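Features as listed in TrEMBL:
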- 47-68: transmembrane segment (TRANSMEM)
- 94-115: transmembrane segment (TRANSMEM)
- 127-144: transmembrane segment (TRANSMEM)
- 151-171: transmembrane segment (TRANSMEM)
- 196-217: transmembrane segment (TRANSMEM)
- 229-255: transmembrane segment (TRANSMEM)
- 275-300: transmembrane segment (TRANSMEM)
- 312-330: transmembrane segment (TRANSMEM)
- 336-357: transmembrane segment (TRANSMEM)
Amino acid sequence: MNTPHTNNDNLSFSDINKIAGGFVAWIIGAGFATGREILNFFASFGYLAYGAIIITLVGFIFSVKVVMEAGYEHRDNPDFRQYDYFCGKKIGKIYYIVVPVFLFLLMAILISATGSTIQENYGINRYIGSIIVAIIIFMSYISGFERFIQVISKVTPILIVFFILVGLIVIQKDYSNFSLIGDLQSILKQYKAGPVWYFSGFLYFSLAVSAGGTYISRLGASARSLKQIKYGSLLGSIEVCLAIAIISTAILLNIEHISKVDVPTLYLAQRIGPLVANAFTIVLLLGIFSASAATMWSLCKFMYADNPRKNKLAALLVAILATLVGVFPFAKLVAIILPIMAYIGMFYVVCVVYKGLKLKFKN
């Protein structure tokens, strides 16, 4: 059932936060929450990471709003194909083949991240942790999209605040290392997701928006008004990029140690103390879960959409297969799969920006 259009003057912060939290839930998945994405796309460029973050922020603010608005304007059409809408039917058809494959691989990354996180902090076999989270993801999927958004929009602000606080405390402890960052290029260069900093910033928001296009569009369709989308997408973009900037700085200050671990953010929490590390593990798992559920929805939206029973069976199969693929080392999965997804998504975001500018000047 679609959300009816309502008076923009009745917009509340909870309305804005619903959209912002839903977007953050998509971004804050395994690569972000564990710090691997932040290391690969931003921190690996040293001081230039902040330039890449600004490019990502601008890209998010514009492109996410455009995709959400498209979903909102077509909210009465359950078969709206947003890849066709932005890229044309021929290219859109390619995305509808390629994106589900990469979403499946993303599910494997998320499940693998769970196992790595539990093993690093608790010493529990990573396969057990992966199986548990796969079951929870499946149960979340069958509960429905609206219920997921209602819950996750309340959880994600807490997660972002926790990430920021951990990063700030580590920065306060290790700020004396800041002047040494320029001398660590030999360590940093092996993690680079792109050839230069500005291209890496573009790659990151290309990855997030292209892979999450269906989810972001559906999130826009759930909005009550275009004003809610405008401020919700803005708030979500700022929250994400602020967290990236702080965590990126904390990673750079500890890069010699972080280069030896799978989960950089967990190492940062351990720098503060064991109690914080234990609490952070829970926050980390919640972040991974939020993105896992969003990914599951985006992927299974393509499968037997007109047959609920077959759709649920397909979702169960996806969870099982993703768990099996997730046995591969987490860090290697992130380093290989995410940059490839980012390159494929570049054309999509160019189409989104073009369409957005075209509509803006037309109106």
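Note that Cβ sites are derived from N, Cα and C of the backbone, with glycine treated the same way.
Automatic prediction, not curation, is the source of TrEMBL annotations.
Counting Cβ pairs under 8 Å that are 6 or more residues apart, the transmembrane segment (336-357) and the transmembrane segment (127-144) reach fewer than 3 and are not in contact. In this chain, the transmembrane segment (94-115) lies apart from the transmembrane segment (229-255): fewer than three C-beta pairs between them fall below 8 angstroms, excluding pairs fewer than 6 positions apart.
Counting Cβ pairs under 8 Å to the transmembrane segment (229-255), the top-ranked stretch among 127-144, 151-171, 196-217 is 151-171. When Cβ-Cβ distances under 8 Å to the transmembrane segment (312-330) are tallied for each of 47-68, 127-144, 151-171, 196-217, 275-300, the top count falls to 127-144. Most Cβ pairs under 8 Å with the transmembrane segment (151-171) belong to 275-300, among the candidate stretches 47-68, 127-144, 196-217, 275-300. Ranking 47-68, 127-144, 275-300 by CB pairs under 8 A with the transmembrane segment (196-217) puts 47-68 at the top. Long-range Cβ contacts of the transmembrane segment (47-68) within its own chain (Cβ-Cβ under 8 Å, at least 6 residues beyond either end) map to 19, 23, 41, 82, 86, 181-182, 197-198, 200-202, 204-206, 208-209, 213, 216-217, 219-220, 223, 229-230, 232-234, 236-238, 240-241, 244-245, 248, 252, 349, 352-353, 355-356, 359.
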